[in-house]
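Worksheet: the structure to be examined is printed underneath.
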């Protein structure tokens, strides 16, 4: 046998030996893990408070160790822990007067709920929502943040949404939009967004008090982010009520922030933002038309008729019609403008390239219109500077 053949055989034997060793290690770990799960369950059911706290910490460690191996292993570990009866005693620990017990049980339940629909439902069925709502009232920032994260995670399961929506959690989540930590605010928005999809009349979950903090959060975030998409979705829901519309128009920079989102947002956030503006203008054109026009909405809306989703394009066209001096002047409608530009593009570049050329022409028109608007704003600002005002 040649040297290359011997070398090949040696490598093959090494790989086979390694696979056998790895398989044995996995089997040993699985057996050890099953023993640990039974020990944890026993401590939580029969142990004293100290043993329960230790068991809750063990759950986090066990899930983390499984996660470091593979996501499928961590999912199986969560399922096995849920089946071993650890959820009910952990939920009972949420009501403990001991702060450590509440915190470790919250963390353990969060670890069990992540990426596991069955455990999410089991946790809510075991009665976790009322104590979590109580924890949302805490001034302790850490516990309140954990409770918010738990509500967010649990509200992702469709079966849990009506229960959480009826629990009184929403007003407390709205409070967190103003007074919570940065992470708490992000989680509260996502939780409210989850709950807003649980029933047709989602305005029952939100009221106008949510508008000012949502506008402030939208101001501060990147308009094309997922967070902006959820925030604008909530604002669109709120724009369906008169109280919500008034709150948007009365909020500092409320309409302007929606206009900026139309200009700079993602496909979904622009759709929600133009939906909110349209809802306002449709409810009372005389009241909201000038307010929207004064924030320079037209250039962004024109661009949206080209670049937006099908729904956003339709909403933008409808809103543009409402913003004109006379909605009856259909010759000035955006659809007519688009047809004119398309006809020009066809004559210039032919039918094959007409759509692309028309889009480019419209974008150029929007850009020039925005530059003109910016120039006027700068001129107005300059005329109001102290150097241009007479001293008294």
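A Cβ is built for glycine as well, from the same backbone N, Cα and C atoms used for every other residue.
According to TrEMBL, the region 'Disordered' annotation covers 1-27 (among others).
For 1-11, the entry in TrEMBL reads compositional bias 'Low complexity'.
The repeat 'ARM' annotation in TrEMBL covers 85-127 (among others). Residue counts for the repeat 'ARM' (85-127) under DSSP (helix as H, G, I; strand as E, B; rest coil) come to 31 helix, 0 strand, 12 coil.
According to TrEMBL, the repeat 'ARM' annotation covers 127-169 (among others).
The feature repeat 'ARM' is assigned by TrEMBL to 168-210 (among others). Using a Cβ-Cβ cut-off under 8 Å and counting only residues 6 or more beyond its ends in the same chain, the repeat 'ARM' (168-210) has close neighbours at 129, 132-133, 136-137, 141, 144-145, 148-149, 151-152, 155-156, 158, 161-162, 217, 227, 230-231, 233-234, 237-238, 240-241, 243-244, 246-247.
If you look up TrEMBL, you'll see 188-334 marked as domain 'U-box'.
Positions annotated as repeat 'ARM' by TrEMBL: 209-253 (among others).
For 369-392 (among others), the entry in TrEMBL reads region 'Disordered'.
Look at TrEMBL and you will find 375-392 tagged as compositional bias 'Polar residues'.
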Same-chain residues near the repeat 'ARM' (85-127), Cβ under 8 Å, at least 6 residues beyond its ends: 40-41, 44-45, 49, 52-53, 55-57, 59-60, 63-64, 71, 74-75, 78-79, 135, 140, 142-143, 146-147, 149-150, 153-154, 156-157, 159-160, 163-164
Tally of residues which DSSP labels helix, strand or coil - the repeat 'ARM' (209-253): 34 helix, 0 strand, 11 coil
